[in-house]
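Report on the structure given below.
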């Protein structure tokens with residue numbers, strides 16, 4: 001397996017584009033993204049568990065019920081959520097896209113991200129689609145830009161791997177930033193692959209993978225209404241279609257996981273207002289579920305997040321979060337260390353503090369990527385969760401998001 | 001029932017004091033509090049559900065197992081939590097207090113609040129106790145100051161009520177500020193009453209009351225390791241002891257609830273960095289549990305809290321929080337309004353936005369007490385939760401809490 005460039009256009013037969021169509025006032029900001037496969041692709045998706053769901057999610061669910069899709073249209077700047085005419089507008093988006101591409105509306109995946117509860121005007125989208133289609137090409141970067149909201153960085157990656165002796169590629173783009181606390185599904189992530197894989201196995205791969213990737217990310221504890229991860233697999237790599245578990249499926253899963261872990265780290269690091277990526281690695285847990293609950297509990301703790309912003313080795317915040325996480329843990333066995341490229345410092349052993357150099361700890365915590373290492377000394381299971389620090393800028397961004 | 005002055009010293013036979021003994025470096029900050037009843041009192045308590053528990057909680061639990069207590073000692077500046085010798089130090093606190101008051105150590109309630117994981121030196125406490133005892137008097141205010149950490153305001157109240165024809169009084173002090181997300185128990189709250197009530201009925205009253213009061217408060221989603229609410233009832237009001245349900249127990253419950261709701265509001269309004277008290281009132285729920293889950297979900301949403309800081313009527317944040325709260329809600333029926341002394345504005349009806357004046361909404365949200373009114377139009381049950389906005393100062397306070 002190899003990291004490669006090209007993002008969602010790395011896989012054979014996929015082109016993409018992103019333009020400014022006018023949903024956003026800022027003309028420098030792209031707000032409409034298209035991904036297109038030259039042949040129909042197997043499709044799979046997972047969605048937010050929020051009871052309030054964006055209209056595009058209902059439309060997408062219906063469209064890929066047959067396990068097939070060929071294009072994806074997504075706007076930013078408006079979530080098309082809690083609008084009386086939301087479904088109708090989302091359907092219009094798929095119809096207009098299908099007409100321009102000469103495909104069926106039922107083969108179009110629709111997504112939206114942005115403000116909730118403001119009617120989405122179809123006019124700028126209708127006006128933007130012709131140019132969007134005309135400019136389709138090797139433009140994963142433009143597509144990644146078109147889905148950004150308060151994101152400050154593009155998030156894209158591609159990897160190549162072997163399946164059935166053929167080189168397959170899988171690529172993805174993501175948007176994150178705020179309202180990030182996926183639960184059984186996640187923020188917007190669009191994946192493409194030329195690997196031949198049946199819709200059922202594709203869904204299985206995706207549904208399995210997100211449990212230890214996107215569902216382990218939290219920026220602010222708020223589960224969005226529009227979370228969605230989709231993957232389209234067009235089979236153009238020429239490998240024998242993956243229709244069951246086995247070495248090829250494992251290779252696909254491994255490649256998928258490399259991609260999704262990278263995107264998780266991007267999303268957490270670019271969380272609204274974030275200055276630091278936090279990675280909480282739990283080991284020695286008596287079960288995977290205990291490890292996950294602990295890792296996510298720590299990553300979600302406002303007090304831990306604020307302490308990391310201040311580069312303060314306040315490990316009591318970590319212990320406290322472990323204690324209220326709900327996981328069945330023997331707190332008297334817990335060991336905690338902080339680590340970064342500057343080194344590692346043990347701060348807590350057997351559930352109590354140990355002497356450590358505050359100076360060394362500070363130096364370690366001033367880095368932009370911090371690992372919080374927790375050994376529960378109670379078994380063999382592990383889990384990792386990703387988050388970010390809580391900063392003045394998070395408050396600033398969300399104190400007046402709509403204006 | 002009447003609101004009266006005197007705090008925890010309003011009830012007959014209770015005196016209190018608070019001094020600076022030297023746990024904190026700032027000599028202007030009191031850090032040791034004592035509450036004393038001239039006769040042994042019925043005692044009840046509820047504790048944090050965090051698996052990591054402060055040592056004083058174990059000691060207090062043991063001491064009031066017989067339903068009796070006569071004094072309460074509490075230090076601030078150090079939580080005496082995650083320390084190898086924590087239990088020993090907490091026991092020493094009760095022994096030294098008992099010696100100075102000529103009572104039994106088993107009749108002393110012990111509490112601590114402050115930094116986790118730093119050994120608590122008994123020396124300043126031992127040095128402070130004689131002066132603390134000598135100065136006992138009508139000093140609820142000094143006692144309330146002695147338990148404050150990042151609190152900016154004293155929190156105390158007393159009410160009088162009739163039970164069995166006798167005037168009874170009940171008073172309380174509280175500390176809150178950060179790490180406030182009580183779960184089955186709460187932050188530090190100390191209540192005193194001269195009402196005669198059996199330990200069993202006192203525990204029943206307290207355990208029932210906190211479900212709709214302290215357990216419905218959240219500042220930051222972090223459930224503390226040292227949460228504790230205690231109540232001592234010394235019976236000096238002369239009423240016939242309350243030993244079962246009935247009119248007297250109801251009068252006691254009503255007085256208790258007036259007191260605890262007031263303290264909840266104080267704690268939320270003085271949350272770390274807070275500029276606004278948020279009260280989320282849910283009505284029309286099909287069950288009380290649905291109402292509670294929705295109210296608490298909204299109060300805990302970082303995005304809603306930040307929007308309130310910015311006086312931004314971003315009701316989509318509220319809808320989103322309702323949707324991921326886990327409550328079984330028909331989102332298409334939800335109605336949301338914001339209200340404050342400046343008026344009320346309807347922002348969402350039938351789960352979708354309605355036209356409203358942003359100017360009016362801004363004016364309403366610029367006030368320091370905001371009600372978020374949610375009608376689920378799905379039944380008759382109601383619930384209220386209290387919280388505060390998320391501000392730059394919350395981040396500042398917790399970015400470098402220990403220094």
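The chain as shown is numbered from 1 upward.
Keep in mind that glycine also has a Cβ here, set from the backbone N, Cα and C atoms.
Sequence annotations record features per position, and here TrEMBL assigns active site, nucleophile to B:186.
Residues or ranges marked as substrate binding site by TrEMBL: B:149, B:175, B:186, B:272, B:398, B:403. Taken residue by residue with DSSP, residue B:149 (substrate binding site) is part of neither helix nor strand, so it is coil.
Of B:149, B:175, B:272, listed as binding-site residues, none is near chain A by the criterion of a Cβ under 8 Å from one of its Cβ atoms. In this structure, residue B:175 (substrate binding site) is part of a beta strand by DSSP. Secondary structure at residue B:398 (substrate binding site), as computed by DSSP, is helix.
The sparsest Cβ neighbourhood within 10 Å, among the listed binding-site residues (B:149, B:398), is found at B:149.
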